[in-house]
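Over in TrEMBL, the protein carries these features:
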{"type": "COMPBIAS", "residues": "341-352", "note": "compositional bias 'Low complexity'"}
{"type": "COMPBIAS", "residues": "372-393", "note": "compositional bias 'Low complexity'"}
{"type": "COMPBIAS", "residues": "394-409", "note": "compositional bias 'Polar residues'"}
{"type": "REGION", "residues": "340-429", "note": "region 'Disordered'"}
{"type": "TRANSMEM", "residues": "6-28", "note": "transmembrane segment"}
{"type": "TRANSMEM", "residues": "40-59", "note": "transmembrane segment"}
{"type": "TRANSMEM", "residues": "65-91", "note": "transmembrane segment"}
{"type": "TRANSMEM", "residues": "115-136", "note": "transmembrane segment"}
{"type": "TRANSMEM", "residues": "160-186", "note": "transmembrane segment"}
{"type": "TRANSMEM", "residues": "207-231", "note": "transmembrane segment"}
{"type": "TRANSMEM", "residues": "272-291", "note": "transmembrane segment"}
Amino acid sequence: MHASDPTFPLYPVLSFVAIIVSFIPFPWHFRARNIGTCSYMLSTGLYSLVEFINSIIWADNVNNIAPVWCDISVLTIIGASVGITSSTLAISRQLYHISAMNGRSTTPHEKRREIIINSVIAFGIPLLVMALHFVVQPRRFDIFEEIGCQPATFNTVASYILYFMWPVLIGVCSFIYSVLTLRNFYNHRVEFAKIASTNSGMSPSRYIRLMLLVFVDMFCNTPIGVFAIIVSARAAVLPFSALSKSMDFTSVQLVSASVWKANRLDRAAVEINRWVPVFCSFVFFVFFGFAEEAKKNYRKAYENSKKLLGCRGRRMEADGFPKPSESQMWDMISNAELSNSTTSTLTPSTLPTKDKYKPDDSYLSQTDTLNSPSSPYSASSRTSSLRPLLIRSGVTSSQPSLRQASFTDSEQRAGFFAGQLKGKTSPAP
């Protein structure tokens, strides 16, 4: 592939990275039901995906090799280009609604109503513009070399009303909401933390980052919309009646790179339109990809990936139990020995006696019973109860010396305490 663009493959690489960073914060924003930010990520991610594929397929040609894909990509470009600004409007409206509550908590009914209104703004307006564009669409689509499939729009007055004016109109509405939000923020700056916390999934830091995102998008996309109107108005604006004569949905216009690069304004308009989603994706990730909630989700995803790949897994034996390490094996034996020896002995300090220095004979008989061979707490019973543990740890019946050595100290302690109860001062033999 010999692309005419000397910077190739710079744009495909950056647009691919933009796709990834667009969807990284999506899960936790979706769980928080932030409709505006979810729509913003979908718009920038899908827009970058379409432009990424187009820039590879048509890097060095203008052949109509994928007409169905062009139909899909054209609709996606129309909806996503308006979806970025409409998502910003939904975010700015949500911020204004939070700032105007004066710390009052929202009811479930109010939350549902806000979700519905923000969904209509973020998703309904792009769908409306996609439908309105059919009215001023003279042909199926255009193919620009190095760019790919692009919407075809008839240059008439109706095009400015039905299609070109939407980014500018939405940007003006976002500007009004932003000014009102700043005014409320100034009036209630002392109670700002309480105001932001009234909305679920919102914090003061996230509130400020959303405001910055709105301002950056508003001061970038709105001038771009004005610039697109100026560039289109430079050409001859035809009457709407001429559209019926030139309308042919079976035709496709092919534009080589030398043609659309011949004029600086036309070239700037084409280049800016395809770089907008990449720029918006990186701006969003800068604001939300390094936040505290993002770092928590990164750590959680890292732990889940380790569990999925089995990095923290342990080898399992045939009976389904995890196989302990050598140090863990001896710790298990020592703990079990100490636990059993403590259970099978009764210390003089814990025995209630009738005389201060002479223990009761009933407790002496009980101690002898505990140490009898038939008792389940005797040394022989303890040895048999630990047999499965020793077998699992690798100690079999062929190693009697190891088993006997493991319980010598416990048997001596049991005999020592029994001797003390009988009034002896030395351990029992």
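Cβ coordinates are placed from backbone N, Cα and C, and glycine is handled just like the others.
In terms of C-beta pairs under 8 Å, the stretch of 40-59, 65-91, 207-231 lying closest in packing to the transmembrane segment (115-136) is 65-91. Ranked by Cβ pairs under 8 Å to the transmembrane segment (160-186), the stretches 6-28, 40-59, 65-91, 207-231 are led by 207-231. Under 8 Å from some Cβ of the transmembrane segment (6-28) lie the Cβ atoms of residues 37-38, 41-42, 44-45, 48-49, 51-52, 55-56, 59, 146, 274-275, 277-278, 281-282, 284-285, 288-289, 293-294, 297, all in the same chain and six or more residues away from its ends. Sequence-remote contacts of a segment are chain residues at least 6 beyond its ends whose Cβ falls under 8 Å from one of its Cβ atoms, and for the transmembrane segment (40-59) they are 1, 3-5, 8-9, 11-12, 15-16, 18-19, 22-23, 25-26, 29, 65-66, 69, 73, 76-77, 79-81, 83-84, 87-88, 91, 122, 126, 143-149, 213, 274, 276-278, 280-281, 284.
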